[in-house]
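Asker: My structure is below; once you've seen it, I'll send some questions.
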Amino acid sequence: MDKYEVVKDLGAGNFGVARLLRHKETKELVAMKYIERGRKIDENVAREIINHRSLRHPNIIRFKEVILTPTHLAIVMEYASGGELFERICNAGRFSEAEARYFFQQLICGVDYCHSLQICHRDLKLENTLLDGSPAPLLKICDFGYSKSSLLHSRPKSTVGTPAYIAPEVLSRREYDGKHADVWSCGVTLYVMLVGGYPFEDPDDPRNFRKTIQRIMAVQYKIPDYVHISQECRHLLSRIFVTNSAKRITLKEIKKHPWYLKNLPKELTEPAQAAYYKRETPSFSLQSVEDIMKIVGEARNPAPSSNAVKGFDDDEEDVEDEVEEEEEEEEEEEEEEEEEEDEYEKHVKEAHSCQEPPKA
């Protein structure tokens, strides 16, 4: 930690809080995610790190290294100064079809690259897509905590992801192909960019999980009259939002769809993308998998109750103190959200018991 200095707080994510730091020698800005040592360091964290390390693509946040502090595991990664794509949509209300396509093209290229390495993200959403600071922003996929590699693990069965983005087969609690589920989530992302709302939520009752789940299972959505989009775009959405995942459009087919191909930037064409698929492409990280797993293994040991930040300078002590404060706030928020999550689980079970997903 001696080589970094704190710049500012970046907020909280699925597993911990994040901060912006600057490398003291190179002056490079990095994002650092802090995860409390002990019980929070589970297989999801290890999977996120190992999967993330293997990814080398311009539309994916770069993994740099992991660092062990007396109280936390710190994951160091590329900093995307443009913030979340979610914020950009909130500020704009919704995007033009051309702007939505520009970001969708990048999202598809990033997800397709992940799938080529047998890594499914499983929690694709606007909040997990960041932007760099350039005038024509590069989209960067982040947060691989729920991702699952089919090379290392069985097909996913758990219900993970944000309710609004979840595919019907994920709700079924049977084994499903994570690649098909990612395509569905990409479709939800495209819809939100175009419309400024979620496709399967009742705008008058957005927290009604039962209704959202029923609409997902029935593929019940519509494009509002005030949103003017091309027939090609409507066709693509109709091919993505298909209940039977085996009949859903694939990433390979999306990349050949006329709407996707329109104004496709040169760097996103198949010949340009081919360079990233070469297996000999080295990792961005200088840390070996063995070194990372050793550090993660040590992080599973809880922080000592005394002298937790012994040997740290004042800046680092401040970071640890602030991280602890934010985590306390997070725990309070989690307790408040538990009832809603229980309600969500209850409605998922109800949906299973009362209906089978309709055939598409």
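Heads up, residue numbers simply count up from 1 along the chain you see.
Glycine residues also receive a Cβ, built from the backbone N, Cα and C atoms like all the rest.
The annotation domain 'Protein kinase' is assigned in Swiss-Prot to 4-260. Under the heading ATP binding site, Swiss-Prot lists Leu10, Gly11, Ala12, Gly13, Asn14, Phe15, Gly16, Val17, Ala18, Lys33. The feature active site, proton acceptor is assigned by Swiss-Prot to Asp123. Summarising the annotation, Swiss-Prot assigns region 'Disordered' to 298-360. Under the heading compositional bias 'Acidic residues', Swiss-Prot lists 313-343. Residues or ranges marked as compositional bias 'Basic and acidic residues' in Swiss-Prot: 344-360.
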Asker: Within a 10 Å radius around the Cβ, which one of these binding-site residues has the most neighbouring Cβ atoms: Leu10, Ala18?
Answerer: Ala18
Asker: Please report the number of other Cβ atoms within 10 Å of the Cβ of Asp123 (active site, proton acceptor).
Answerer: 21
Asker: Using the alpha carbons only, what distance in Å do you get between Leu10 (ATP binding site) and Asp123 (active site, proton acceptor) once rounded?
Answerer: 20
Asker: Could you give the Cα-Cα distance between Ala18 (ATP binding site) and the residue listed as 'active site, proton acceptor', in whole Å?
Answerer: 19
Asker: So, three-state DSSP: helix, strand or coil for Asp123 (active site, proton acceptor)?
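Answerer: Looking at the DSSP assignment, Asp123 (active site, proton acceptor) belongs to neither helix nor strand, so coil.
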